[in-house]
Every structure is written in C-alpha cells, then in structure tokens.
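Below is one structure; the comments refer to it alone.
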Amino acid sequence: MELLLKLVALILRVVNLVLEPILARLAGPARVDPFPAIRDELLRLPATELAERIRDGKLRSVELVRAYVLRIREVNPLINAVVEERFEAALGEAAEADERVAACGGDEQAVRELARTSPLLGVPITVKESCSVKGLSLGGGVVRRQNLTAQEDGEAVGRLRRAGAIPLLVSNTPEYCMAFESYNNVTGRTLNPYDPRRTPAGSSGGEGALLGAGASVCGVGSDLGGSIRIPALFCGIFGHKPSAGIVPIKGHMPVCGDAHFDQYLSLGPMCRYAKDLPLLLEIMAGPNASRLRLAEPVNVDKVKIYYPQKLDLTVNAVPIAPEIRESLRSALKYFQNKGGYTEPLNFRYFADSMQLASTELQSLTDVPNVFATARPNLLWELLKVTFRQSEHTFATIFMYLLSASKATVSEQNRARYRQMAAELKQEFTDKLATDGVFLMPSFPKPALRHYESFGHVTGFMYTMIINALGFPATQVPLGFNRDGLPVGIQVVAGPNQDRLCLAVAQELEQAFGGWQLPK
C-alpha cells in the first residue's frame, strides 16, 4: 500500500504540473468588482451575543433573520452555495421566538430560564445538505436523489432547533460528499468568496463559502477526512471536528452501516467567531457534552503548546507552502512571547499518516455504493464523464477508485498499519494528556484552484489522520497570504479535550483578528 500511495501521489503531482495552465483557464475569471460590503452591523455580531440581545428584548429575531436572508440573496449569485432555502418558514419561526421573549415581560427569572432552555433562541443558522433538515433537500448532489426531501431533522440539527436556532437553508456539497471540492451535477459548483477562481473545498464547502461571505453566523458541517477543517481554512473561518463519538451522526447522508462509522465521521460547528464554538458544541453533543467538561475554565497560559519537529510527512507529500509554515510559526511565536511552554515533537509513525489514515478509513464495512450497479464499468463511466453524459462527476469516480485500492493491501500489511495507528494514538494521547495541544497544518496550501485538488490528494493526510485517531481539532484562521487568501492551522488535543482546542482558538482569534470579510 505504501508503494501504491507514493506512486499515485507522484503521478498526480506530475499531472497537476502539466495541467496547471489548463486548470487556470478552467477556474474562470477573476472578480472585477469588490465583494459586497456588510452594511447591516447585525451581521458582524457573534451568535452568542445575538441570542443574548434577543432574550433581553434589545433585538427582534425577525429583524435578524431578515438581515441574513437579504445577505444570502445578495451574495449567493456570486458563490452558488445554496441548495434549498426555507426563508418564509424561518421568518415565521422568528416571529414565534419574539413572542416567547415578549411573554417573559422582562422578568429576569423568566429570561434566565429562556437562556437555559433555549440558548440560541431566534438565531439563524445554515446546514450542510448532508445533515437532515426536515422538509429540505437531502439529495447530496446526487442526480438520482435530487428530489429526495428529509422527513425529519437529523439528531444534531434537532438539538439546535430545540435550543431555539432557526435553520435558513441547506448548503452545497460534492456528490455523496465524496470529493474535496463542492460541485455536483445538480447544484453546480460553489465558488470561494475570497477568489471565485478557487474552491471553498469540500465536502462542507457550501457552509464554508456562506460563512466566509458573511452570509451566515454559524452552521453545521460534517468531517470524515477534513471536510469541516479544510473548507474553514480555505474560507477563513473557524471549524471544529469534535472528539470521536461525541456528536450523533444520525440523519447524515450518506449512511454507512458500520457500527464504528461515528468513530471517524464527526458532525461539528462552523462559524465566524470562536466564542460561538463552545455553546454550539455543547448543544450538538447533548448528554455527551458532560464528557467534554466545556464549562471548566481553561487558563491558556498554562496549556502546553506542541508542534511538529518536521512538517514534510513523506517524500511524495504535497510540499507545505511558505505562508502555511509562516502561519504556524507566527502562532508558535505568539505563545512563546507570552512565556508559554512550547516543545517540538516527532511522533513515531507520524510520517506514515497517509497510509495509517487510509487503512483505518478503509476498514469500514457496509459502505454505500454510489453507482447504480454493484460492479460499475468505470472506464465506461469515465468516457461518459468526458462527454458530459454521466450522472456522476469525475471526482466521484476518482474517489471510488482510490477507495477501491484497499483490495491491493494484504491482510498482513493492513494489520501492521492498524497496529501502528494504535501506537501513534497512544503516544499522542499520553503526550498531550489533559493540558496540551498540537499545532499543525490542516492542509499544505491556501485555497486551490477549481479541479486542482486531484493533484493534491496526499495533502489531505494532515486532517485524515486526526479522524483516524479520533482526536478533536479546531481550524483557526490566522490572516491572509499576499494573494488575499486565508491561511491558518488546526489545533489538536487528546480525546475529549475539545475545550483546550476551543480555548486556544479564542486566544488566537484575539491575537490575529479571526475572520475578515473578503475584499
């Protein structure tokens, strides 16, 4: 498997270099006009502050929802992130939220009870299409499923609703969530708000684009190999992949029958402001939130900061771009200047992340087949894609081919890689303990051009390995490169130590400015 992955990576990098001029033309034109400015200051407030203003009677939910509806309608023609909306229903629910607040009559005890039972009352949210929202599309960019509607909310979405949040829409994903860019043959291609020639990544790319564009304050994403964190990187926002098994995945599409699927797939919050992450995670986790001890205060000055001694994981890995290296160095220097504990680490087997993560994820059974037949004729499908006659995208076929490579791995090698992964997880867990985080890249480059991800498959090892190990990780924006593209890193902690990731993210937001609107 190791030789196969290296060979595939090398071939793809060569192909990408050859196709670079073609990809540049396929990416489309640069934006001529500035991105629409935010004129309503309500759109610049965190969800937690908005909820507080609504409870206190200082802001009407109807006013807030209407402001976001107008913003979505203004920017969606530029980014194509919306699959289906429910604006009229959302305004009705906002009116009901305002009535609940009015019924309190300003009574402090009643308002406190409202904060306890409905902490997001009246706050609009957006949701990745693969996460069920009752009455909205659950097609997942699949032609054969394009008329499918969710019959009920997914469990995590339902918890947010019961907390008072108001879903506005479902956002675009790649077909079956099986690609690193968000385009399909139903909704089309989602564009990055910072540069329309570039992708917002995937599979939570619609959410990333809406949030980066200031058209959502917080949203729901899902992450199997970086699908929250890489869109968060490309779109300059915060995204948190929770510890394995913390947030229920019931209601997510596609469905995998493997009982261990929730140890790899995570649903998590995506937002523009780091202070919103703890509340969103607590609500989505439900009873499991007690395992995370999110209410415990974290003294960031006492958190141990670890970082990679070496950044290039394998010879054929995608090289880390200078601006990503610099963002990691800047975050590290910030903590060092504060007098914090920092230490470089060189974990055993970390260099084998791609092989370990691939083996772990390919251990899943009862994986849904995206094709109409059990044994698809892939050459025929590729030919149809070439002439735009296939219902599938090239990305879906490409990912199917990659996943099918597990047939080439012997049982002996598979067992060896899984043992190595177990040892790496234990080493990570012991070192990070309950007071340490690991700062590392989430992807080697800022936002890629459209279709460029095929030549950067090995770059996803930095997020895939975290899913394979089951650790929590928060993507943190740390500014921009000279082309105006967001840069940043992910903050990783040990199992169920999510609060450390979130505390460090908030600290870095204060130091580096967090999300900033595209220009």
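From the backbone N, Cα and C atoms, a Cβ is placed for every residue, glycine too.
According to TrEMBL, the protein has these features:
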type: ACT_SITE; residues: LYS128; note: active site, charge relay system
type: ACT_SITE; residues: SER203; note: active site, charge relay system
type: ACT_SITE; residues: SER227; note: active site, acyl-ester intermediate
type: DOMAIN; residues: 63-502; note: domain 'Amidase'
type: SIGNAL; residues: 1-24; note: signal peptide
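All protein chains shown were included, and the count of other CB atoms within 10 Å of the CB of LYS128 (active site, charge relay system) stands at 32. Model confidence over the domain 'Amidase' (63-502) stands at 94, taken as the mean pLDDT rounded to a whole number.
If you take the Cα of the residue listed as 'active site, acyl-ester intermediate' and the Cα of SER203 (active site, charge relay system), they are about 5 angstrom apart, rounded to a whole number. Of all the Cβ atoms in the protein chains shown, 34 others lie within 10 Å of the Cβ of SER227 (active site, acyl-ester intermediate). For SER203 (active site, charge relay system), the count of additional Cβ atoms within 10 Å of its Cβ stands at 33 [all protein chains shown].
Each residue contributes its Cα atom, and for LYS128 (active site, charge relay system) and SER203 (active site, charge relay system) these two points are 9 Å apart.
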